[in-house]
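Trainee: My questions will all concern the structure given below.
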Protein chains: 2
Amino acid sequence: MSMTSPVTCQKIKEKQNSYAPIFEDLIATDSNNNFALSYSINAIEDHSNDNFVLSNLNALLESHHSYPIKGSTYLDRNTNFHVKSSNSEIFNILQAAIAFKLAGKNHKALKLLEHATAVAPDNPDVLNWYGEFLEQIRHDVVTADELYFKALTHSPTHAAALVNHKRTSPLVDRLDLDLFKSIDKKKDYLKEKFDSYNFETLKKQAYYLHIYHTVGIEGNTMTVEQLRTLLETGQVIQGKSIIEHNEVLGLQLALKYVKSLARKEYITVDDILQMHKRVMGHVDPLTSGIFRDTKVFVGRHIPPPSEKVPELMESYANWLNSDEARNMHPVRYAALAHYKLVDIHPFVDGNGRTSRLIMNLILLRGGYPPIMILKEQRDKYYDALNVANVGDVRPFVRFIAHCTLQILDMYIQGTKMLVLDDHSTNTDGTQIINY
Amino acid sequence: MSMTSPVTCQKIKEKQNSYAPIFEDLIATDSNNNFALSYSINAIEDHSNDNFVLSNLNALLESHHSYPIKGSTYLDRNTNFHVKSSNSEIFNILQAAIAFKLAGKNHKALKLLEHATAVAPDNPDVLNWYGEFLEQIRHDVVTADELYFKALTHSPTHAAALVNHKRTSPLVDRLDLDLFKSIDKKKDYLKEKFDSYNFETLKKQAYYLHIYHTVGIEGNTMTVEQLRTLLETGQVIQGKSIIEHNEVLGLQLALKYVKSLARKEYITVDDILQMHKRVMGHVDPLTSGIFRDTKVFVGRHIPPPSEKVPELMESYANWLNSDEARNMHPVRYAALAHYKLVDIHPFVDGNGRTSRLIMNLILLRGGYPPIMILKEQRDKYYDALNVANVGDVRPFVRFIAHCTLQILDMYIQGTKMLVLDDHSTNTDGTQIINY
């Protein structure tokens with residue numbers, strides 16, 4: 001595998017060392033692994049207070065999850081309108097929508113445009129019109145830009161979409177930059193607090209929530225409480241399958257491994273195989289840690305043939321360790337690392353979980369806390385990945401950026417809660433958050 | 001790895017092909033593995049009749065387990081007498097025992113001798129006297145021979161033990177040969193029946209019992225019913241640890257692999273690693289399928305240092321595939337293969353289970369059904385392995401021979417039960433077992 005030059009490595013090293021502290025301690029693994037060594041059953045720890053914190057945090061996270069990709073209804077999986085319609089029918093709907101818009105009846109116009117995009121999701125006129133509507137009436141430049149781009153993927157010479165996209169693209173770039181800036185501001189704020197406050201309970205809760213959401217996205221039905229009991233006592237949860245149990249054990253083992261890689265200079269193909277071995281090892285000892293040897297399907301997308309996987313993974317690792325990647329904003333770097341890995345889809349199963357771990361490894365190395373993609377964000381997450389597949393990776397980067405904001409807010413809110421709880425150190429009741 | 005010469009291979013091949021049928025179908029694996037593919041929960045099959053058969057079989061097996069090593073009280077782990085006594089005290093006990101024996105009070109003499117062996121288990125005089133008593137009064141030549149041998153391991157020039165052992169050794173060899181003959185007679189009888197009777201229920205029960213006993217010996221507390229539910233539905237058993245669940249899954253996977261090796265010409269080191277990967281993979285994905293890299297202790301016995309393991313395993317595989325081994329009686333070959341592997345102790349954990357699988361692979365290839373070492377036989381099993389460690393492997397071979405008889409009887413009794421149950425094919429009620 002080719003590496004970057006020694007001089008550049010030195011530069012990157014310095015750059016990385018400037019991040020302090022690395023949030024690797026947010027992965028609370030070492031203390032929970034005792035049960036693996038014997039049959040003994042430990043008493044469940046007293047979490048009476050933790051539970052209060054936990055439920056507040058989860059509520060906070062769930063209220064959060066509605067904003068990441070605004071107005072992405074045109075990709076909504078739950079729609080019932082996926083039927084073919086004739087062009088003239090679409091044309092009629094569009095005409096009516098325009099008429100409503102001109103008459104100032106924006107709500108009715110929106111309804112018709114939503115209907116049109118559901119009926120004809122690939123029609124460039126519909127996409128372009130819907131974009132214009134969202135841009136002008138809703139001032140939603142980001143979604144509008146995504147729609148123009150999508151129109152252009154279906155009709156690369158579409159005049160109106162070209163003009164529109166040329167206008168919105170730099171605006172969106174600037175908005176994304178602002179997003180990264182606000183992320184870094186919160187990260188720096190949190191970093192400062194990280195030394196002075198005791199995050200123990202919060203870290204532990206985040207750790208369990210992390211496992212909960214990343215296995216939950218793949219269909220695991222265990223609750224946070226259940227998986228915590230499993231990990232702390234080694235005892236099984238009635239009514240849950242053995243596979244669900246082993247998925248949880250796998251994540252614990254994998255997170256421990258991610259933590260061990262946080263200060264490693266380069267990420268190799270073998271690191272990724274080792275990560276996957278841990279993610280899937282308990283579930284399937286025979287396919288874990290090795291590349292797939294069969295064709296796979298991910299929805300309508302067909303990943304590269306299995307014989308190409310080793311070569312593609314070498315290129316992927318080269319990219320991961322390249323100056324190009326390492327000089328990006330860490331959130332973009334992490335999001336792209338995720339997207340590129342699911343795109344190769346090197347494993348039979350566990351590709352999503354492994355990709356999310358690689359993403360989090362990069363965030364950790366960049367000085368960010370590991371992020372969670374909530375079970376409730378599943379559809380938005382997959383939609384953004386689908387859009388990346390058809391050529392526009394920005395919505396996915398944006399989605400990951402919002403998830404980063406979300407976890408930073410969780411810790412910052414958690415700090416607040418912990419401080420407000422502790423009257424002995426903060427008796428004047430002043431608000432200490434002022435970012 | 002060196003192989004036997006092509007000419008010899010041909011000979012062995014012919015010899016092996018003469019065994020028909022191989023009892024590989026007694027491992028009923030393929031049908032039970034569906035749950036591993038999805039979250040779907042299959043209904044538990046109706047086993048109302050199976051349970052009746054099962055409980056009868058288990059009762060039969062348990063009544064059986066008392067005979068394998070007769071009179072081996074001198075090795076009894078449960079004794080409370082393991083305290084040092086002076087030689088004069090032992091001498092007095094022996095004198096008293098001899099006096100009782102001469103007076104015809106054999107019961108009292110026996111009690112004293114048992115006491116003496118418990119107090120001074122390494123005293124050659126005591127061992128020799130106890131042997132003579134068992135030989136003369138109980139006509140137990142086999143145990144007597146074991147005691148003379150043990151006396152000689154502690155005092156190689158012990159005159160009386162030398163004379164005694166010289167007399168009993170050929171007698172025991174002849175008895176062992178008779179044992180092998182009676183095994184082969186029952187095996188041939190069963191082989192004949194195997195084509196004409198439906199062993200389906202019996203095979204399935206034996207399969208679950210097999211897993212039950214081999215994980216049970218290592219401390220797993222699941223019942224046969226519980227592990228069957230786990231394997232058939234993929235649902236967990238409340239109150240059992242996740243490790244216990246994963247041990248059961250491991251055995252299922254490993255037995256499937258053993259079955260796939262049953263018709264393979266040679267057993268390689270990699271086959272053994274693959275077997276271990278399956279046995280322990282669900283429990284510990286990271287140490288399964290690889291040799292240990294640490295020192296281990298097995299009771300008071302210290303297996304070879306880890307750096308010697310790869311080399312020792314190569315020699316072991318060479319021995320497994322050698323003419324010398326393959327020309328032995330299969331039961332002796334299987335028992336030695338087991339003993340030699342636990343002696344190397346190549347893995348951190350799962351050595352016993354892997355050794356029992358190798359043993360059963362050899363039995364399968366030799367035309368014998370896979371055997372079970374019952375949980376209840378645990379102490380006798382370990383004692384026989386300990387005796388092998390101090391130089392006499394014959395008690396362990398004999399123990400395995402008795403286990404082989406035990407499983408053959410189980411199938412033959414099962415046949416009887418099935419035939420007596422089925423009045424439509426056997427209305428005259430004649431006894432069809434006449435070996």
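Note: Cβ is positioned from N, Cα and C throughout, glycine not excepted.
Automated prediction, rather than curation, is the source of TrEMBL annotations.
Quick paste of what TrEMBL says about this protein:
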SITE      B:Glu218  site 'Important for autoinhibition of adenylyltransferase activity'
DOMAIN    B:267-402  domain 'Fido'
BINDING   B:298-301, B:349-356, B:381-382, B:Asn389  ATP binding site
ACT_SITE  B:His345  active site
Trainee: Relative to the Cα of B:His345 (active site), which of the recorded positions B:Glu218, B:Arg300, B:Asn351, B:Arg353, B:Ser355 have a Cα no more than 10 Å away?
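Mentor: Those close enough are B:Asn351, B:Ser355.
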Trainee: If you measure B:Asn389 (ATP binding site) to B:Glu218 (site 'Important for autoinhibition of adenylyltransferase activity') at Cα, how many Å is it?
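Mentor: Between the Cα atoms of B:Asn389 (ATP binding site) and B:Glu218 (site 'Important for autoinhibition of adenylyltransferase activity'), the distance comes to 20 Å.
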Trainee: To the nearest Å, how far is the Cα of B:Asp349 (ATP binding site) from the Cα of B:Glu218 (site 'Important for autoinhibition of adenylyltransferase activity')?
Mentor: 10
Trainee: Just to verify a number: CA distance, B:Ser355 (ATP binding site) to B:Glu218 (site 'Important for autoinhibition of adenylyltransferase activity'), in angstrom, no decimals.
Mentor: 13
Trainee: Cβ distance under 8 Å to B:Asn351 (ATP binding site), same chain, sequence separation 6 or more: which residues?
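Mentor: Looking at Cβ-Cβ distances below 8 Å from B:Asn351 (ATP binding site), excluding near sequence neighbours, one finds B:Leu341, B:Val342, B:His345.
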Trainee: By Cβ count within 10 Å, point out the most packed of the binding-site residues listed: B:Ser355, B:Asn389.
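Mentor: It comes out as B:Ser355.
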Trainee: Minimum Cβ neighbour count within 10 Å among the recorded positions B:Arg300, B:His345, B:Arg353: which residue?
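Mentor: The recorded positions B:Arg300, B:His345, B:Arg353 were compared, and B:Arg300 has the fewest Cβ atoms within 10 Å.
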Trainee: Express the distance between the Cα positions of B:Glu218 (site 'Important for autoinhibition of adenylyltransferase activity') and B:Arg353 (ATP binding site) as a whole number of Å.
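Mentor: It is 8 Å, counting Cα to Cα.
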Trainee: For the domain 'Fido' (B:267-402), DSSP counts of helix, strand and coil?
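Mentor: So the counts come to 86 helix, 2 strand, 48 coil.
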Trainee: Using DSSP and collapsing to three states, where does B:Glu218 (site 'Important for autoinhibition of adenylyltransferase activity') fall: helix, strand or coil?
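Mentor: Going by the DSSP assignment, B:Glu218 (site 'Important for autoinhibition of adenylyltransferase activity') belongs to neither helix nor strand, so it counts as coil.
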Trainee: Around B:Asp349 (ATP binding site), how many other C-beta atoms are within 10 angstroms of its C-beta?
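Mentor: 17, counting other Cβ atoms within 10 Å of B:Asp349 (ATP binding site).
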